[in-house]
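Swiss-Prot lists 28-98 with the feature domain 'BTB', giving sequence analysis as the kind of evidence. Swiss-Prot lists 133-235 with the feature domain 'BACK'. As annotated by Swiss-Prot, phosphoserine applies to SER149. Per Swiss-Prot, repeat 'Kelch 1' is recorded for 280-327. Sequence annotations record features per position, and here Swiss-Prot assigns repeat 'Kelch 2' to 328-375. Marked as repeat 'Kelch 3' by Swiss-Prot: 377-423. What Swiss-Prot lists as repeat 'Kelch 4' is 425-475. For 476-525, the entry in Swiss-Prot reads repeat 'Kelch 5'. Summarising the annotation, Swiss-Prot assigns repeat 'Kelch 6' to 526-580.
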Amino acid sequence: MKLEFTEKNYNSFVLQNLNKQRKRKEYWDMALTVDHHVFFAHRNVLAAVSPLVKSLISSNDMKTTDELYITIDPNYLSPATVDQLLDYFYSGKVVISEQNVEELLRGAQYFNTPRLRIHCNDFLIKSIRRVNCLRYLFLAELFELKEVSDLAYSGIRDNFHFWASPEGSMHFMRCPPVIFGRLLRDENLHVLNEDQALSALISWVYFRKEEREKYFKKFFNYINLNAVSNKTLMFASNKLVGLENNSAHATLIESVLMDRKQERPCSLLSYQRKGALLDSVVILGGQKAHGKFNDGVFAYIIQENLWLKLSEMPYRAAALSATAAGRYIYISGGTTEQISGLKTAWRYDMDDNSWTKLPDLPIGLVFHTMVTCGGTVYSVGGSIAPRRYVSNIYRYDERKEAWCLAGKMSIPMDGTAVITKGDRNLYIVTGRCLVKGYISRVGVVDCFDTCTGEVVQCITFPIEFNHRPLLSFHQDNILRVHSHRQSVEINLQKIKANKSTTSVPLLPNSCPLDVSHAICSIGDSKVFVCGGVTTASDVQTKDYTINPNAYLLDQKIGEWQTLACPPEALDCPACCLAKLPCKILQRI
């Protein structure tokens, strides 16, 4: 009789004991020295995982009694990394982070271990973000990681307007010539306009003038001077004085300026590259007259006072929410004829004009508020049914591809007004909830820390309005809450609320702002509003219609301006500020 017995996890058991022997310096026959640190190991283990070690043993015709010594340059691999590599060789486990991924890639290259290289490659792909894509591109080029290189390049191209801005330029000025030239040559480069591309080129050259001046002539040809404003052309002309062999470039600039003097003034928009960005307000979904739900996606191009239809949503809904993050618009929730609180979530790619289905929200929501903070998408509060409010704040985790509970507000509310401060804090200001059996807007400010998942500051204040307020920051610690009946300035440092004499004028149709309107702050103290319900001129009839107009409020002077008429009158659409690529004008 014969019976076969197999030990469970025997391979792991053997390697664990070998690793213990290594750490106790038992039975070792090789040593790795890094900056006076000596690490002992077993030749047979390292030869099994590293072709480098196997090659050293075979090429030197080592006997079983010989000991192998390897000295590693500490400028290439640190002692801590070598220790981590040895743990990986013996256990097959490794913890990779943004801090150690570069040295682990060096270790994988040094010991010729392709599986570790694959792990590092996968980590870079899963963790790439706007703030690290420039560094990741450097790593990808250095270690020949094509997929990472393509993703990182796309991240830089799609966020060039950030990298070329004062906020991101400090790091971007170190961009290698081969990458910088490739970016300027890209027709889909996401610049604010061609002025930014030319200014970035000049700043990049002057950052290291002696070594980069030779690239200026080649890179200058990638700029469309006809799309650059006179002011920036004059600025560039003055900067050319400090560069050698600049006469040809100066002549080109002078030629463009002279042609403009002789021709009628025209918009520079038609000359911009396809990827140049247009500040736009995007309207999604909503309910039409007679109760029909809408799936249209419309964009109001602020600069041109022009409406365009971009796409159609994968579903029809009103009281949904939306937010933009880079080239994407995220939408979720809403109500339809059959369902009062949808869980569905989608992502719209403005560049490719395509939709991607996202995992459902944990619960169905209406009148929730979606917002982007630090490049991450959040959903704040909302209703799961009539008069049933939630305090949940959800975060969409791109790595896990799931909605996660980020934290909770101090009280359950829907219809909240939210403003971000930096890349960390959400200020959730007022919202609707049940007060003594009635739906009422409450005066509360929650400062939600997205890193800790906690409300780190909660301020309550009396309010005399039940409509939706407008928010803005004055200086660093003053939060302004503007409304028709009352405005409040909240000192976040002193935790004190003071009434303000300024107020928001009623809409030109004499209606107050409420949750049925699409409301969007567009910078420079200006607020965009469209849609929503309005009462009939004869108040005796108590009849309601949908507002067919769009308005722009200049808060500095307290006046409304009527804009181009939207394609459709919509009640409770979603609304967000987005940067659309110029190529959509060619696509329409």
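Here the Cβ of each residue, glycine as well, is placed from N, Cα and C on the backbone.
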Most Cβ pairs under 8 Å with the repeat 'Kelch 4' (425-475), selected from 280-327, 328-375, 526-580: 328-375
Whole-number mean of pLDDT values that fall within the domain 'BTB' (28-98): 87
The repeat 'Kelch 3' (377-423), counted residue by residue under DSSP: helix, strand, coil: 0 helix, 28 strand, 19 coil
Composition by DSSP (helix, strand, coil) of residues within the repeat 'Kelch 5' (476-525): 0 helix, 21 strand, 29 coil
